[in-house]
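A.B. asks: Here's the feature list from Swiss-Prot:
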type	residues	note
BINDING	26, 72-73, 99-100, 103, 105, 124-132	5-phospho-alpha-D-ribose 1-diphosphate binding site
BINDING	34, 35, 128, 156	orotate binding site
């Protein structure tokens, strides 16, 4: 685990974005941890979040031309990541996002920001079922662009309805790499460093045994 990944886990814990306990997910699964990126909701949170996304992006080495943030959650993430890349990595890259409702006046269409062209890096909070990615792919392909990769905050590394995870399905279906700031494996490594969190570690490991990929 890299220093920025450990810092991200501590940041998420401090904001209660990441919580350990017993939670029922939308799928009905009982999970020993919960991650709600919507709680990164202040200016300082967003500034820090962008730096973590930018760090993971640079660390991945994937080449791309534009950041795309799917509406709605992806919009502030794409924006703050673009700012962080410019301020901390000297990479001044265009960004774009879609609006769910097409406008009938002013600037046309349902895209805001730079023209959607070239190799696209899609940024979002998490991938649960991959629906937002599929909708985004239609927009990307309709504009003649290609998907270079997908960047999210957390990869839960767990099976969906079948034998593979929603993330593995996206990688298979679109022949792209999905990268994340942290994974379930990183969470476990972090818990292993914290003796006071031993009960959570046991629960998360048991969960991985049952649902992990």
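Backbone N, Cα and C atoms are what each Cβ position is placed from, and that goes for glycine too.
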A.B. asks: Among 34, 35, 128, 156, recorded orotate binders, what is the largest CA to CA distance in Å?
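C.D. replies: Farthest Cα pair among residues binding orotate: 13 Å.
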A.B. asks: When you measure from the Cβ of residue 34 (orotate binding site), which residues in the chain that are at least 6 apart have a Cβ under 8 Å away?
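C.D. replies: The answer is 18, 19, 21, 23, 25.
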A.B. asks: Is residue 156 (orotate binding site) helix, strand or coil when read with DSSP?
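C.D. replies: Once the DSSP labels are grouped into three classes, residue 156 (orotate binding site) ends up as coil.
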A.B. asks: So around the orotate site, 34, 35, 128, 156 aside, which residues have their CB within 8 A of the centroid of those CB atoms?
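C.D. replies: Other same-chain residues with Cβ inside the cutoff are 25, 31, 33, 36, 126, 154.
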A.B. asks: With Cβ-Cβ distance below 8 Å and at least 6 positions apart along the chain, what are the contacts of residue 125 (5-phospho-alpha-D-ribose 1-diphosphate binding site)? List them in sequence order.
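C.D. replies: For residue 125 (5-phospho-alpha-D-ribose 1-diphosphate binding site), the qualifying residues are 37, 38, 73, 74, 77, 152, 153.
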A.B. asks: Any idea what the Cα distance is from residue 35 (orotate binding site) over to residue 127 (5-phospho-alpha-D-ribose 1-diphosphate binding site), rounded to a whole Å?
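C.D. replies: Between the Cα atoms of residue 35 (orotate binding site) and residue 127 (5-phospho-alpha-D-ribose 1-diphosphate binding site), the distance comes to 12 Å.
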A.B. asks: According to DSSP, which kind of secondary structure is residue 127 (5-phospho-alpha-D-ribose 1-diphosphate binding site) found in, if we only use helix, strand and coil?
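C.D. replies: Going by the DSSP assignment, residue 127 (5-phospho-alpha-D-ribose 1-diphosphate binding site) belongs to neither helix nor strand, so it counts as coil.
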A.B. asks: Looking at Cβ-Cβ distances, which residues of the chain lie under 8 angstroms from residue 128 (orotate binding site) while being 6 or more apart from it?
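C.D. replies: The list for residue 128 (orotate binding site) reads 26, 166, given in order along the sequence.
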A.B. asks: Test of understanding: give the count of other CB atoms lying within 10 angstroms of the CB of residue 131 (5-phospho-alpha-D-ribose 1-diphosphate binding site).
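C.D. replies: There are 11 of them.
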